[in-house]
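Participant: TrEMBL lists these features:
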TRANSMEM  6-25  transmembrane segment
TRANSMEM  37-55  transmembrane segment
TRANSMEM  86-107  transmembrane segment
TRANSMEM  119-138  transmembrane segment
TRANSMEM  150-176  transmembrane segment
TRANSMEM  188-211  transmembrane segment
TRANSMEM  244-265  transmembrane segment
TRANSMEM  277-301  transmembrane segment
TRANSMEM  360-382  transmembrane segment
Amino acid sequence: MVSAKAVNLGLAIIALTPLAYQAYASVDDLHPVGRDAIICVVISLLGFFFTSKLIPPFSELTEKAGLKGRDINKKGLKNENGKDDLVIPESLGVVPGIVFLCCAIVFQTLLRPTRQEMLIEYNAALLSICFMIFLGFLDDVVELRWRYKLILPTVASLPLLVAYSGATMIVVPIPLREYLGHSLEMGPLYILYMLMLAVFCTNSINIFAGINGLETGQTYIIAISVALHNLIEMGGAYRESHLLSLLLILPFIATTAALMRYNWYPSKVFVGDTFTYFAGMTFAVCGILGHFSKTLLLFFIPQLINFLYSLPQLVGILPCPRHRLPKLNAKTGKLEAVPSHLNLVNLTLLITGPLSERTLCIVLMIFQSVCCAGAFFIRYHVSLYFYEYSYWFGAEQGA
């Protein structure tokens with residue numbers, strides 16, 4: 001019988017190898033790109049292996065240090081030992097974060113000399129991601145107030161913005177060009193937009209959570225979508241920007257897949273704010289350096305819906321409990337919606353009725369996948385009514 005470890009390793013290989021092959025085989029003059037991508041995939045697979053091996057011992061360390069929490073959605077249900085209220089090690093997002101940084105640093109040593117100019121933005125991206133991993137772990141330990149959760153991603157993104165060398169203009173949609181012209185130079189406003197993007201990405205994943213596997217599941221789907229988008233755009237005018245984004249997202253996919261093994265229902269570990277901040281900043285740097293921030297926001301449609309639906313509680317118009325979770329019916333073992341808890345998890349239960357935690361997570365992952373597929377449709381079909389073909393298929397420079 002095939003072991004679970006072999007199955008998960010196979011899934012990681014299936015997810016990552018075609019990406020590198022497609023990059024290598026896309027067009028003849030992209031063979032150097034394929035070489036870098038294949039090296040990155042090999043390093044990423046090693047990252048998957050080390051993350052998988054390190055999580056169990058690290059989970060023991062975090063639990064001994066007091067970084068643990070109760071699985072509230074299983075209150076009243078019996079665990080394997082016949083006890084209630086499963087105690088789960090927390091903050092295990094630090095493991096894929098550390099392994100990701102190690103993979104990225106190792107890859108730097110193998111980068112071809114002709115790509116050394118890429119290292120400025122590459123290192124700036126790693127610095128911003130490293131800063132957010134540290135701040136996320138700090139939040140798990142001392143539980144920062146919400147106002148600091150808005151300020152700190154802004155500070156963490158500064159190295160990235162200092163190294164940013166792209167345009168600060170936006171291309172005006174075709175229907176508005178009669179009034180505004182072809183493009184608008186935004187200057188400092190565009191920098192502010194990128195700061196807001198970083199803050200949104202880091203916090204939107206953090207608040208779309210609460211059930212086993214949701215944080216890692218949504219992140220994995222978005223990451224795969226980002227990688228596919230980079231591959232599609234690799235033949236355009238800004239291939240170097242998309243290559244940089246791809247080289248950052250590949251090890252992230254691998255380390256996230258390893259973490260998801262332990263975080264999927266029933267969770268053996270909780271990812272903590274460390275992982276949600278790490279994931280959000282990784283997406284932000286990929287979108288900013290890859291010049292596809294609008295497309296990135298399309299991948300975040302469920303997170304946008306969750307944010308807008310949660311807004312009355314987030315800004316204090318309505319009371320906001322600490323845990324806006326659904327209610328567990330111990331008799332049926334299913335989660336039931338709490339209408340006063342305004343988030344997409346409870347909204348889904350209001351629409352579907354009571355679901356088991358595992359089924360609810362699968363439903364939300366299907367919704368995330370459908371939204372990402374819809375994002376590709378909007379990006380490559382609907383958008384042609386608002387922007388020229390050459391603009392969209394070249395790059396979202398200044399988007």
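Placed from the backbone N, Cα and C atoms, the Cβ positions cover glycine too.
Quick caveat, the model's predicted, so the values are computed rather than measured.
So that I understand the layout, could you describe where these features sit and how close they are to other parts?
Facilitator: Below 8 angstroms of C-beta separation, residues 39-40, 43-44, 46-47, 50-51, 54-55, 58-60, 62-63, 67-71, 74, 79, 122, 126, 129-130, 133, 136-137, 140-141, 247-248, 251-252, 254-256, 258-259, 262-263, 266-276, 278-279, 282 of the same chain, each at least six residues beyond the ends of the transmembrane segment (86-107), sit close to that stretch.
Tertiary proximity for the transmembrane segment (119-138) is limited to same-chain residues at least six positions away from its ends with a CB under 8 Å from its CB atoms, namely 91, 93-94, 97-98, 100-101, 104-105, 108, 111, 144, 152-153, 155-160, 162-165, 198, 202, 244, 247-248, 272-278, 280-282, 284-285, 289.
With a threshold of 8 Å between CB atoms, the same-chain residues lying at least 6 positions outside the transmembrane segment (277-301) that come near it are 93, 96-97, 100, 121, 125, 128-129, 131-133, 135-136, 139, 153, 156-157, 160, 164, 166, 193-194, 197-198, 200-206, 215, 219, 222-223, 225-226, 229-230, 233, 238, 241-242, 244-245, 248-249, 252, 256, 371-372, 374-375, 378-379, 395-399.
If you look at the transmembrane segment (360-382), the same-chain residues 6 or more away from its ends with a CB under 8 A from one of its CBs are 211-214, 217-218, 221-222, 224-225, 228-229, 232, 264-265, 295, 298-299, 301-302, 326, 335, 344-345, 348-349, 352, 392-393.
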Participant: Quick test of the contact rule: Cβ under 8 Å, at least six residues beyond the ends. What residues does that give for the transmembrane segment (188-211)?
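Facilitator: Beyond its ends, the transmembrane segment (188-211) has Cβ neighbours at 73, 128, 132, 149-150, 153-154, 156-157, 160-161, 164, 168-170, 218-219, 265, 273, 276-277, 279-281, 283-284, 287-288, 293, 296-297, 300, 302-304, 306-307, 310, 314, 323-326, 335, 343-345, 357, 360-361, 364, 398.
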